[in-house]
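Here's the structure, in structure tokens; my notes come after.
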């Protein structure tokens, strides 16, 4: 029996009235760009792409060579197709409208070109995360303000993970689906339809080295996880941590769990570590479409009205019952504080 290619899947979604032709073509372009990034990543040291680029991004983080390469691949692939009005990237200070020499479309594309790139030199899975919004009407030349929409306004989101196989995980608002790159044919093929995250879990993913910086409800919540069967939770938990959001979330979409990157006092000026627009929103939509939940610990991520392009937030996402439990600890603490 023949498998369904990404192209066929998108055409079927268009015929069902769930996406239009422009969105179909935009997603196809992003997928092709991810294929190019996958090739660059897989060459590793042979391609001379490892190591630092000697530059920094708007967040003050050192850029890897592959950060810069991946960003350029996505920008160049999407500039001329006529589907986009503007792009925004974690690696750029401001959004970038489509050049005047090309036609402008109705969509805005946001992306983290290479999430987890600090792991690339040690051959750990990394990935590309992307989100699609509609450009506000009557905006001729969209700037940063055009992107400041809550995650609930996303019309598509996805990520591509570059691991033992390259997989594209995608939602257009009707379930979350996984496609695997067939390298011989050069196309993505549907391998898991309607991914579902188990409601309950006994796995959590968190960087425990930051424990001393956490606020009280986080200390209590994780303390009860570690207490296991002898504690108030009455069951044992396993901890997993890859330090690559794409890899950690992919595991959760595949077999369940909760991914946590809370606010901490290590840098109290920042509201969290992860970026709302490039990481939390697209991953939140993918997880919710797979039956999971995505919160900051106190509010649903997709409800947040952003006030800046590179805004950061705490993130709790994955199995919905466990996310609800973590939220309960935070609300109980806040209520006790009055």
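Every residue, even glycine, has its Cβ placed from backbone N, Cα and C.
In the three-state DSSP scheme, residue 90 (Mg(2+) 1 binding site) is classed as coil. Positions annotated as Mg(2+) 1 binding site by Swiss-Prot: 90, 112, 114.
Residue 279 (Mg(2+) 2 binding site) falls within a helical segment according to DSSP. Marked as Mg(2+) 2 binding site by Swiss-Prot on the basis of sequence analysis: 112, 115, 279.
Marked as substrate binding site by Swiss-Prot: 115, 116, 117, 118, 207, 273. A 10 Å cutoff on Cβ-Cβ distances gives residue 116 (substrate binding site) a total of 21 other Cβ atoms nearby, all chains included.
Cα of residue 115 (Mg(2+) 2 binding site) to Cα of residue 207 (substrate binding site): a span of 16 Å. For residue 112 (Mg(2+) 1 binding site), the nearest neighbour among the binding-site residues 118, 207, 273, 279, judged by Cα separation, is 279. The substrate-binding residues named in the record, 115, 116, 117, 118, 207, 273, extend over a maximum Cα to Cα distance of 17 Å.
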